[in-house]
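Down below is the structure, laid out as C-alpha cells.
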2 protein chains.
Amino acid sequence: MSRVFNFSAGPAALPEPVLRQCAAEMLDWHGSGMSVMEMSHRGPQFIAIAQEAEALLRELLAVPANYKVLFMQGGAIGENAIVPMNLLRGKTRIDFVDTGAWSQKSLQEAGKYGEAHVAASSAATGYDRVPPRADWQLDPDAAYVHICANETIGGVEYFFDPDVGAVPLVADMSSNLLSRPVDVSKYGLIYGGAQKNIGPSGLTIVIVRDDLIGQALPCTPSAFDYKTVADAESMYNTPPTWAIYVAGLVFRWIKDRGGLQAMEAHNRAKAAVLYDYLDATDFYRSPVQRDCRSLMNVPFHLKDKALDAAFLKGAEARGLVQLKGHRVVGGMRASIYNAMPIEGVHALVDWMQAFEREHR
Amino acid sequence: MSRVFNFSAGPAALPEPVLRQCAAEMLDWHGSGMSVMEMSHRGPQFIAIAQEAEALLRELLAVPANYKVLFMQGGAIGENAIVPMNLLRGKTRIDFVDTGAWSQKSLQEAGKYGEAHVAASSAATGYDRVPPRADWQLDPDAAYVHICANETIGGVEYFFDPDVGAVPLVADMSSNLLSRPVDVSKYGLIYGGAQKNIGPSGLTIVIVRDDLIGQALPCTPSAFDYKTVADAESMYNTPPTWAIYVAGLVFRWIKDRGGLQAMEAHNRAKAAVLYDYLDATDFYRSPVQRDCRSLMNVPFHLKDKALDAAFLKGAEARGLVQLKGHRVVGGMRASIYNAMPIEGVHALVDWMQAFEREHR
C-alpha cells in the first residue's frame, strides 16, 4: 500500500490515524459485535458516539451555550435553500457579499425564497479579494447578511469577522471550518459540508443561535426545519451515522494535536511554504490579493497554460494528486486542509521547482 | 472479535463480506493511494464507483430505461416532503393508503404541499393489515397514490402491486426494497432510505419515471429537485460518496448470491421459521394478519409483557441484539433483512423456546 498526497478540494484527505481506526473498528466497535454502520441511531452505542462528537465540536469551537449544533444532510448546496427557508423570519431581503462562485450559488438559491441583494462584490476585479467592509451597502432591515468565509474555487478567505450590527451574520464555512479558531458569537449561523476538514460527504454541520430557530417558512420540509431538527437532537430523521462517527474521530484527532490554535499554526506554515514560492517566481502566479489568500485552497496558474497537462502528469507520477483547478477558473488548485501534512506541501513545491527548471 | 446477530430495524446489519472489504480498502482503494472517503466525487475513481453502483441496482431491479435512479440525501423522512414538492405537477390532491406509522408520517408531511386524502385505512383494526384494494376510494384526478410498501414499525407488507389506473403509484419501500423482485414499471416512483437492505444511513434511493420529472414547485430546493439531480447524474451537490460505495458493494453481494430471486427465497425461509413458531405457541403472538405479514420486520408480543425486560436481557446475553419493539407499539421486533443469516433466526427461535419453557 502506498498513500498519495491528496490535494482534492473535497471530498478531501482525512487523517491517516482516523482511517486506521475506521478500518480496525469496522466489524466490531468497542466490543459491541457491530459496525457503527449497523447500529440503530436510537441505541445507546450510537447515541454515545453522536453526543461525544457534538461535545468535541463544541469544545474545539468554544460554541456558546445559546447555539445549537445540528447534524444535517444535503450539503452546503442543500443548506443554501434551507438557510433562507429558516431564517427569513417574516422579512424579505437578504444581503449577500459576492466573492465568487460559492457566494453566487448561495445568492441564486436564496432568490427563490426572498429578495437576494448584492451588498458588495469583487466581481469587477475578478474575485481576487473580499470587498472592504466599508464598501458594503447593508440594509438594517435585512433578514441576515450572508458571506462565504472561504471561496473553495477562487481561494479567497475572510480573515476578519465582519461587524454587521444587529442583523444576523450567516457564513458558509464549508471549506475553512475547523482550520483555525472562530468567534462563533459573531455569527448568527455557520454552516458547512463536512467533506473538507470534518469527515465524509453527506453530513452538514449547522451551528445556529437559539433565537433564530422556530420561524421556518410553511413550505420547509420537517427534516430541514431547524426547530424539528434541534428538538430531536438531530435525530428527527435517521442521521448519517457513519459520517458522524468519522467526524467525531476527526474532532478527537484535532483535539489531540492541540486544537484549533495548533491547526492554525500548522495551516499557516503550510500555506506560507506555497505562497512564498509563488511570490518568488514568475513561472507560477497566484490570482488572489495577498491579504485574502486562502489558507485552505491555493489556486495558481502556470505562466504558460499549454504546460498544464505536463505539470499534472508529472505531479501524479510523484503521488501528488487531484491538483487540477476547478473548470470555472482553470489552472491548478492545491487544497491543503488540516489532514495535509507539511511534507505534502514540500513535495509539491519540490515538484513545482523541478518543473520550472525544466520548462523555464 | 465476536459478531452479534443484529435485529435492528435500521440502520441494520450489513453483510460481513462487505464490511471486510470496507476495512481492507479503507486506506487504499484499488491502488489509488486514497480511501473512498477522500476521493473527489468528480474524479475518475469515484465516478466509476457511482456508475457501477447504479448499473448494479438497475440490473438487480430490472429498472426500465425510462426511469431515473437518483442517489439523494435526507432519508425517507426528507423524501416525504420532496416527493410532493416534485410530483404535485399542478394538481392538488394526493391519495394515501394508511397502514400505520410510516404512511401516517408521509401523509402529514404531504399536507404541507397539497390536499392529503386518506383513500383507505386499516386504523380501525389496529393497523394489522393492508386494506383490500377494492375498498380504496381513489380520485382519478389525484397527483399520485402513495403507499408504504412495508411498515417497518407495524410489520405489515404489501404482497401485490396495486393497480391504480393512470394515476402514478408512489411507494415508500425503505424497508423492503431489494428484499425480493419488484415490477418497477407498476410504479411512478419508488423511494427509500438505504439503511435497511442497501447500505449506511444518509443515502436515499429514488427511482422515478422520466415523465414525472421537471415540474417541481417553485419552493423546491435545487438539491432536491429531481430534474436538477437527474440532469447532474446525482452530482448536483456532493453526494454521500462513502454510502454509495458501500451500497455498491452490497448490490454486488446480492448479485453474487443470485440476485433478488435468491434473496426472496432466503427471506421467505427465514420469516417462515419465525412465523411458524409464533403460530404454534400462545406464549408469543404476532399482531398482523397472515397474508400481510412482513418478511422484513416481525413484531411480536409476549403473553405477559411483564416478562419483556427479562426476555431482552437473556437475548442480549446470547448475542441477539436490538430486539426491542418500537415505542409506539411496544413488545418485540425482529428485523431480518437480507444480511441476517438464517442461523440468526434459528438462534432467536431457540431462545424464544427456552424462555417459554422457563416462564410458561
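Glycine is no exception: its Cβ is also placed from the backbone N, Cα and C atoms.
TrEMBL does not curate its annotations; it predicts them automatically.
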What does TrEMBL list, out of B:TRP102, B:TRP136, B:TRP351, as binding the same pyridoxal 5'-phosphate as B:THR152, B:ASP172, B:GLN195, B:ASN237, B:THR238?
B:TRP102
Would you mind ranking the binding-site residues B:GLN195, B:ASN237 by how many other Cβ atoms sit within 10 Å of each Cβ and giving me the lowest?
B:ASN237
Please report the distance from the Cα of B:THR238 (pyridoxal 5'-phosphate binding site) to the Cα of B:LYS196 (N6-(pyridoxal phosphate)lysine), rounded to the nearest angstrom.
23
So if the criterion is CB under 8 Å to a CB of chain A, which of the recorded positions B:ARG42, B:GLN195, B:LYS196, B:ASN237, B:THR238 qualify?
B:GLN195, B:ASN237, B:THR238
How many other Cβ atoms sit within 10 Å of the Cβ of B:THR238 (pyridoxal 5'-phosphate binding site)?
25
Would you mind pulling the longest C-alpha to C-alpha span across B:TRP102, B:THR152, B:ASP172, B:GLN195, B:ASN237, B:THR238, which the record has binding pyridoxal 5'-phosphate, in angstrom?
30
In whole Å, how far does the CA atom of B:TRP102 (pyridoxal 5'-phosphate binding site) lie from that of B:ARG42 (L-glutamate binding site)?
35
How many Å lie between the Cα of B:GLN195 (pyridoxal 5'-phosphate binding site) and the Cα of B:ARG42 (L-glutamate binding site)?
25
Separation of alpha carbons, B:LYS196 (N6-(pyridoxal phosphate)lysine) and B:ASN237 (pyridoxal 5'-phosphate binding site) (Å):
24
